[in-house]
């Protein structure tokens, strides 16, 4: 009864105001979310069109670019590409190139070269086409992982046009990067198709099914990826984190055993890659270990890792080469130490954010796995980091950006801003990539910005030197090469180039010094230098040493080095052994019918014998072989003059002027000949022409006689 009474009172008695904070009881209204973009064939093809158009615009300057850096070795000067033969093909798929083994990549060069030779734009176009396909595959893979069209689309578009990817796309030598990525993504795609089947088998917890064809497709494509570039070895580990974080396959042992075929391929590829580095004399680990302490290396690695994330967000001031830091104060700059705090903060942020979306954890781990081989934990090469290292590894960080872009799109409060923001980013990144592509036009445009930032780095100065050496500007080339050798960085190639420059300058002692230094560094690879060293010794008058060096060259070539035979002939002739010299010259001509020098040298011996007709015959043969052989024209004129045929002497020298319009000695000889035969107007005219070309003999001749120089 008491209870009823209380109940009755409670109904009839006015309620007392609540004292509890009403705000605490207000239920937060659910956030209004926009429907996700569906995956449809129409949406897919629109996205593919956007990717293709933007990528072609972004990398358009690349089609006008020439060859730079390693392109010369891989394509332009690669003798293995020259002839279509089984032997050359065998070399391409078995040999190491610049410390790398990537036979499938070399086969693509082989096919291209057989069709278009070294037409640069074709190689650049092929790289771009592969990159566009890769970008579309990135969408397919990420959309499959995230089950979200927008996340896949944002990742793919950013991948297609990000400025950090310019290096991998517009550099012909980075074919290996885009090619191994193509097969890696195809393998990943097949693996996801495989797991979509096995994960439906809930009774077996997504157990391995090696009878599934997609598994073997994935393995086959993975092998092709490894044959394109050894970096592909990380893919099995990527599969593992995908299993665990995305596919919820928690049976670690089972899924580990499942990947056994992939890990076996990775192991084999890794062993071959290590051998390739070793055979190339790549001793970066020792060099870096000697130059930096363990703690310094630790902080530099952190700096490199953080760099990619910073430049992903702010892709400006990119250069093609980021050298290890110098230590002017005995230690690395403080910015490298502070990078560790940045990496730690990044890791904490990703861990915290990943609690709500496992794709964030997956993206961070994916990046660490893919970047690890080139993070310089084990130093490879002379660069601390490189834009090309971010090509495949970027997928993880870009997925994380796409996750947050999708979150902003889903919110009704920010949804309307997304199209405008997206368009600004699309145009901005396309412009930045377009501009970055222009830097790869040639070695000068590529390395000049690097030289401004790192003028004392030997890799930079040597490449500047190679550019000017190729342009035949010996003064500039010599400056940069000598700057290179002011450091501890010594290479056989730079010594060889300096030796050739000094040879042209007739500084034969310096030629000998540099050639011998090159042979000391690479005695096997530089065997062809022996005949050049012999030539330098010949011009210093050390004929016996010149003969010894030439003989070494002949021994190394089974007596088939025409240049060494020619040098031997010159030395023997100087020693008065003209009959033996003639035999050497004749052998050189048999070895190379298009070699003009032996004919000129034989003509000299015939001149000594007074056989001017024979001399003229040999000189005319030399000119037929090499119309630019100026010394042949000079000697031919002298030979005719010796026979009293001054008109033909003048004709020979006039032909010499056509061969080398800058050589004033031809005009000087013509002037003398006209003067000796009483034709003073033509003689003076020829002398004045010689003066205009800088001939000092002509200047002295006219000055002594009071004749105007002009």
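Here, residue 1 is simply the first one shown, and the rest follow in order.
Using N, Cα and C of the backbone, Cβ positions are placed for all residues, glycine too.
Given the structure is predicted, the values throughout are model-derived calculations rather than measurements.
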Candidate ranges 24-43, 44-63, 64-83 [criterion: TrEMBL lists as transmembrane segment]: 44-63
Under TrEMBL, which of the candidate ranges 388-405, 442-459, 460-477 is annotated transmembrane segment? 388-405
Long-range Cβ contacts under 8 Å made by the transmembrane segment (388-405), restricted to residues 6 or more beyond its ends, are 138, 141-142, 145-146, 150-155, 158-159, 162, 164-165, 167-168, 171, 174, 177-178, 180-181, 184, 231, 308-309, 311-312, 350, 357, 359-360, 362-367, 370-371, 374, 418, 422
For the transmembrane segment (215-241), the candidate among 149-166, 305-323, 360-382 having the most Cβ pairs under 8 Å is 360-382
With DSSP as the yardstick, break the repeat 'TPR' (492-525) down into helix, strand and coil residue counts. 27 helix, 0 strand, 7 coil
Mind checking which residues of the chain, 6+ beyond the ends of the transmembrane segment (149-166), have their Cβ under 8 Å from one of its Cβ atoms? 36-39, 43, 47, 50-51, 54-55, 58-59, 131-132, 134-136, 138-143, 308, 311-312, 315-316, 318, 359, 387, 390-391, 394-395, 398-399, 401-403, 405-406, 409, 426, 429-430, 432-433, 436-437, 440
